[in-house]
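Asks: Would you mind keeping the following structure in view while I ask a few things?
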Amino acid sequence: MKMRRGNSSNDHELGILRGANSDTNSDTESIASDRGAFSGPLGRPKRASKKNARFADDLPKRSNSVAGGRGDDDEYVEITLDIRDDSVAVHSVQQAAGGGGHLEDPELALLTKKTLESSLNNTTSLSFFRSTSSRIKNASRELRRVFSRRPSPAVRRFDRTSSAAIHALKGLKFIATKTAAWPAVDQRFDKLSADSNGLLLSAKFWECLGMNKESKDFADQLFRALARRNNVSGDAITKEQLRIFWEQISDESFDAKLQVFFDMVDKDEDGRVTEEEVAEIISLSASANKLSNIQKQAKEYAALIMEELDPDNAGFIMIENLEMLLLQAPNQSVRMGDSRILSQMLSQKLRPAKESNPLVRWSEKIKYFILDNWQRLWIMMLWLGICGGLFTYKFIQYKNKAAYGVMGYCVCVAKGGAETLKFNMALILLPVCRNTITWLRNKTKLGTVVPFDDSLNFHKVIASGIVVGVLLHAGAHLTCDFPRLIAADEDTYEPMEKYFGDQPTSYWWFVKGVEGWTGIVMVVLMAIAFTLATPWFRRNKLNLPNFLKKLTGFNAFWYTHHLFIIVYALLIVHGIKLYLTKIWYQKTTWMYLAVPILLYASERLLRAFRSSIKPVKMIKVAVYPGNVLSLHMTKPQGFKYKSGQFMLVNCRAVSPFEWHPFSITSAPGDDYLSVHIRTLGDWTRKLRTVFSEVCKPPTAGKSGLLRADGGDGNLPFPKVLIDGPYGAPAQDYKKYDVVLLVGLGIGATPMISILKDIINNMKGPDRDSDIENNNSNNNSKGFKTRKAYFYWVTREQGSFEWFKGIMDEISELDEEGIIELHNYCTSVYEEGDARVALIAMLQSLQHAKNGVDVVSGTRVKSHFAKPNWRQVYKKIAVQHPGKRIGVFYCGMPGMIKELKNLALDFSRKTTTKFDFHKENF
């Protein structure tokens, strides 16, 4: 057995334990005084000092002495341990004789790991040295006992890259070879050097490497560092020199990457790194990753690094110090071994199996499609069946009337289309009756068979049915019925005289009639409303001239949709003044529309009445980075809601008529209401402006760019009306023991309310009695959630200020680890890119020392780039086999397809079932 120790008994150590596969082997140990992890005394127990991968290279050469004189034919097991004051963790179990690699039998590896950790952690002694020695001896005996039961696997050569240090290399990868291979760089060189006599200018180095423009400064520093190392002078290089540069920065070995990184920091080439040089590279890395807060505090963070690596205040650090710091592997990686075997099995199972029989493939696809969409399917089949039945009924009815003799099948098609049109014009109002849907969702069990989450989508589907009905009805009349009536001879037209009077002689006769002009006006108004409601116009996705852009957007959608008030009035008139129907009870248009119109009108009146009798008073207003406005207001008496629901907000100072939906970010147990509103359109921009006028820069210790507290006095806050709450998909999270909450940008708002609700339920009896009594039916009753995974993906570092207090509160109160928080900042390059290496190092230092993340400013440690969603699902499936997981997503539609497909894939191929729910906004 060989173990390396630091200079202090408080230091954490990483040892190599070798036990021969024989119980006759004697236990020996030696202590080597290798170079310490830090420059200076290591009297401070700050962090584990991980073993350098280089120290393992000579282990096979010493196997005889370690084994107590055994021959070369013995097989050894190499175990990497992380020994701390009160615990021992196992990094890996490997074959060590003549080569390495993990044990071929994963079950044996896991058994060995559990045996060692149990044995080592149960061994105590008076001194650290004796404790360590006795632990390792005890572990050696346990190891031989385990291995004596099974045959030894084949011996393999030790591979340096399989050691624990390889985990640290993620912070030093410079360019991902899978996306930036040499052929692509070669082609870009030819293009960029065409006008400079075959030389690549340093100013174009970033472009040649395939970096984006934001990394231009970083690439320039990289160019300078490589030029100094290779004795290249000037600001231009040849293709041969570029190839040398490329080989150095794409070298996957640790030493090569570390040397390049050090060269970038050590600009004066004296082999030492000063605090000023560290600050400059921090500022450069922060700029490349759009981390403005870190860039502003570069000097403070440089001082933190120097404090860590230069405890003797020498004023500089050496490459050895930097190397040992970068070798710090996350503690989490040590503890992940328990699920590794199951994870590997799951990976094998998730590999797509190719079915040779096309019939079997199609049958599988159809089966899964039905299972995944049965709620939508039966609703769609019912709707299509009703439309088809109504069309057929009217078609047959008019085929047996006198009008058929003059106009033929045209009148049958027109009347069939009209019947479906009346039905759909009535039905389209129901999906937007929010109060009714919320009541059905909360008070009935219909949610198990009716997909209330798709109400807006069904509203759009019905709109397409209306378009089809208009085309059939108006098209058949204009292109077929009217021309036939005009062109018919006297004998043929005679049966129509009692309906139309004297035979029409032109189109104008039909247009000037009530039926004609009401129909034309309705078609024009519906065409305007439908067009501006499409995503291209409603979300301003089209590149239109500025004067046309003012006629699009949400405001245009909102106001033009109110044209349907005129449309419905004209539709009733149109249905009364029918040419071919004279008996009142056969004029059924008003019968179709009566109940839906009354229901929808009642909801609009209820909104106006409820918002006026339940006024709210502003408590606090804050303006955050990223153009986000936070409104905290009093909660009206009797306003009961569930986390995940939303409410409508109206501000008369902006527009007296517009109501906009926003997710509630406060929890049901809170004595206030809060919403977070991001500036995305005209209305939200004006709202932010009117509230910013009453705000001031925050005092010390408070977040936000601008802030105003209601307790400061009678501030002239603009009057705000609210209406709600209304049901939303996220409110169903309580149905699941385990939930995966995903928020993209401002889409985190409903998830924040859910997290706060979970926190309030964790407090239990400690909650204030008034809050508990006011919301007793919303909290503990029926609360099933026992584990929550929250993934918040945001583009800007400043976004983390929106919910900073909540994140810290969760970190402080969640002692049982019920909530697992993951913040992702996509402006930061992915882990493994050089532009993020120093940020990752700094993040680990700051979090270890102060418990605060340098990116988010909270106690929650942030991740870089975008999440690997497949790995997220895989992790949850491994940790919760046989469970049903609720997946709730809120954000832009770009991620919906990936998250939904992964939920379906894992549900089909594992015992863990994922139910995907998305928020519509």
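Every residue gets a Cβ built from N, Cα and C, even glycine.
So Swiss-Prot lists these for the protein:
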REGION    1-71  region 'Disordered'
TOPO_DOM  1-376  topological domain 'Cytoplasmic'
MOD_RES   Ser8  phosphoserine
MOD_RES   Ser9  phosphoserine
COMPBIAS  21-31  compositional bias 'Polar residues'
MOD_RES   Ser26  phosphoserine
MOD_RES   Ser39  phosphoserine
COMPBIAS  44-53  compositional bias 'Basic residues'
REGION    193-203  region 'EF-hand-like 1'
REGION    230-241  region 'EF-hand-like 2'
BINDING   Asp266, Asp268, Asp270, Arg272, Glu277  Ca(2+) binding site
MOD_RES   Ser339  phosphoserine
MOD_RES   Ser343  phosphoserine
MOD_RES   Ser347  phosphoserine
TRANSMEM  377-397  transmembrane segment
TOPO_DOM  398-461  topological domain 'Extracellular'
DOMAIN    415-572  domain 'Ferric oxidoreductase'
TRANSMEM  462-482  transmembrane segment
TOPO_DOM  483-516  topological domain 'Cytoplasmic'
TRANSMEM  517-537  transmembrane segment
TOPO_DOM  538-559  topological domain 'Extracellular'
TRANSMEM  560-580  transmembrane segment
TOPO_DOM  581-588  topological domain 'Cytoplasmic'
TRANSMEM  589-606  transmembrane segment
TOPO_DOM  607-734  topological domain 'Extracellular'
TRANSMEM  735-755  transmembrane segment
TOPO_DOM  756-921  topological domain 'Cytoplasmic'
Asks: Please report, as numbers and ranges, the same-chain residues at least 6 past the borders of the transmembrane segment (589-606) whose CB is under 8 Å from any CB of it.
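Replies: Distant contacts of the transmembrane segment (589-606): 422-423, 425-427, 429-430, 432-436, 568, 571-572, 574-576.
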Asks: Same chain only, please: residues at least 6 beyond the ends of the region 'EF-hand-like 1' (193-203) with a C-beta under 8 Å from a C-beta of the stretch. Say none if there are none.
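Replies: Distal contacts: 220, 223-224, 227, 235-239, 242.
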Asks: Taking a Cβ cut-off under 8 Å, which residues six or more beyond the ends of the region 'EF-hand-like 2' (230-241) line up next to it in the same chain?
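Replies: Answer is 186, 189, 193, 196, 198-203.
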Asks: Please compare the binding-site residues Arg272, Glu277 by how many other CB atoms fall within 10 Å of each one's CB, and tell me which has the fewest.
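Replies: Counting other Cβ atoms within 10 Å of each of the binding-site residues Arg272, Glu277, the minimum falls on Arg272.
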Asks: Going along the chain, which residues at least six beyond the ends of the topological domain 'Cytoplasmic' (581-588) come within the CB cut-off of under 8 Å?
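Replies: Apart from its flanks, the topological domain 'Cytoplasmic' (581-588) reaches 422, 499, 575.
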Asks: Let me know the model's mean pLDDT on the topological domain 'Extracellular' (398-461).
Replies: 90
